[in-house]
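As written in Swiss-Prot, here are the features:
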type	residues	note
BINDING	GLY123, THR124, ASN125, GLY126, LYS127, THR128, THR129	ATP binding site
BINDING	ARG398, ASP422, ASN423, PRO424, ARG425, GLY473, GLU477	meso-2,6-diaminopimelate binding site
MOD_RES	LYS232	N6-carboxylysine
MOTIF	422-425	motif 'Meso-diaminopimelate recognition motif'
Amino acid sequence: MKRLLPFLTDLEAWVEQLIPLKQMTLDSRQVTEGDLFIALKGHQCDGRQFIQNAIEQGAAIILAEAESDQDEIELDSQFARYNLDRRACKVITVPRLAERLSAIADSFYASPSAKLKLIGITGTNGKTTTAQLLAQWHNLLGGHSAVMGTIGNGLYGQEQEAINTTGSAIEVQQNLARFVEQGADFCAMEVSSHGLAQYRVEALQYDLAIFTNLSRDHLDYHHSIAAYEAAKFRLFNALQTKAQVLNADDQVAQNWLSMLPNAVLVSCDPNFTSEHQFVKATKVNFSLQGAYIEFESSWGNGQFHSQLSGAFNVTNILLALAGLLTLGYDLAKLVATASQLRSVTGRMQKVSAITDKNRPLVLVDYAHTPDALQKALQAARLHTKGKLFCVFGCGGDRDCGKRPLMATIAEELADGVIVTNDNPRTEDQHKIVAEIMQGFAKPDNILVIYDREQAIQHAIKHASSADLILIAGKGHENYQIIGTIKHHFSDQEIASKYLSQ
């Protein structure tokens, strides 16, 4: 057993020989006879504590994270008490196992990312919409798309709920292998900063990486904007990425240009010029039906109607357009199908009354960062004839620094604000709201209704048919997390219920 893997560089090749094993997993509860169990030291718990469980459930081989980089890849003495010979299970410790896991899973699942076009989208906001637009567009042109991200993982239109935007290194490779098996030839994948910082996508072969924007988020994890930006940039400079598309209207993208000389740039500034290949909007007209967009590009010019609302969605659709053009798609075919692209669930989604009563317009959006809330309210204002109301809260156990910032934005851009619960999780709802309230210049004008359904009901009851209500923060989510329990809750369902009364 000692020095079973004498050279660290042989690890992936060795894993390829394990293909006859049924599966590899990080969860000891999912282990069955003959499986490969990965025991990682995680951020919340140490998977090595469950090695005994995995052995008892029939694991054939266990890779366990070594205590230090200097540890040899060998049977560690701390596991000797498990009587491994009797159980015919090999336990091997591996230095930097978390960093290597993506490559190990890539070998185990026969490099699925090389068998389809893989596009990675990263940024604070816009990842989901851009990914969904890419998948839709590819399908409209006769392809077979899959998506991975916040809404879920699966073939486009058949997504299954995902716990994280970017799953574990094993889950990502498992999903890609399944997509290939199901006939997908294209995958649009949201890539989170957590996923990048934790090496979950390290071995993926990206045909294209897209950067949407960067603003404050996840500082509870990254601690600084600089660290957050560095995690995002890994998709462009540290991984196997063949081409890049950047939102040139974001300052962070400008900072990256010297390091990405071949990047394709997207801008909504008609005066934008660049030596890079580009796509830019030259004219945009907004209406309740969406937006009319004229553009120029290195591939030619065109115009089309988009069903999506908001200036930020003009950026998202142009990022998708630039991405597909970069991959060699035909401009004329893209323009001809652009008007068929549908809005994304929970992204500036219109909610209508079941009856034809005169009721306010309600938009549900996932905006849960200061930048996203600002852009959503600015977009909503374009469609508001009367007053603009905003219903929002902030998630518990997450970056608390953004709470007063979102309050300031809501107060500045909306005519009326109701503060309510988002997903309080294990944090006290009163503490969350108190921190939000610190951002209001005139807190006496702000209504606080902790119960989210009652907050939505109040907004609809007191709004006129000329008014618009933006319900922000949860978007596509059909649950509310209170404590550690997920309760069924849908902003769309609740809004539709009270609009129809």
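Every residue, even glycine, has its Cβ placed from backbone N, Cα and C.
A map of Swiss-Prot features onto the structure.
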residue: GLY123; record: ATP binding site; DSSP (3 states): coil
residue: THR129; record: ATP binding site; DSSP (3 states): helix
residue: LYS232; record: N6-carboxylysine; DSSP (3 states): helix
residue: ASN423; record: meso-2,6-diaminopimelate binding site; DSSP (3 states): coil
residue: GLY473; record: meso-2,6-diaminopimelate binding site; DSSP (3 states): coil
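Between the farthest pair of Cα atoms in the meso-2,6-diaminopimelate binding residues (ARG398, ASP422, ASN423, PRO424, ARG425, GLY473, GLU477), the distance is 17 Å. Apart from GLY123, THR124, ASN125, GLY126, LYS127, THR128, THR129, the residues listed for ATP, the same chain places the Cβ atoms of ILE121, THR130, GLU190, THR212, ASN213, ASN316, ALA372 within 8 Å of the centroid of those Cβ atoms. For the meso-2,6-diaminopimelate site, the Cβ centre of ARG398, ASP422, ASN423, PRO424, ARG425, GLY473, GLU477 serves as reference, and the other residues of the chain with Cβ at most 8 Å from it are HIS368, GLY393, CYS394, GLY395, GLY396, ASN421, LYS474, GLN480, ILE481. Long-range C-beta contacts of THR129 (ATP binding site), restricted to its own chain and to partners at least six residues apart, with a cutoff below 8 Å, comprise LEU308, ASN313, ASN316, VAL344, ARG347. Within the same chain, residues at least 6 positions away in sequence whose Cβ sits under 8 Å from that of ASN423 (meso-2,6-diaminopimelate binding site) are GLY395, GLY396, LYS474, GLU477, GLN480, ILE481, ILE482. The Cβ of ARG425 (meso-2,6-diaminopimelate binding site) lies under 8 Å from the Cβ of GLY395, GLY396, ASP397, ARG398, ILE481, ILE482, GLY483, THR484, each of which sits 6+ residues away along the same chain.
When pLDDT is averaged over the motif 'Meso-diaminopimelate recognition motif' (422-425), the result is 96. The closest partner of THR128 (ATP binding site) among the binding-site residues, by CA position, is GLY473; the full candidate set was ASP422, PRO424, GLY473. Within the same chain, residues at least six positions away from LYS232 (N6-carboxylysine) with a Cβ under 8 Å of its Cβ are THR122, GLY123, SER193, LEU196, PHE211, LEU214, VAL252.
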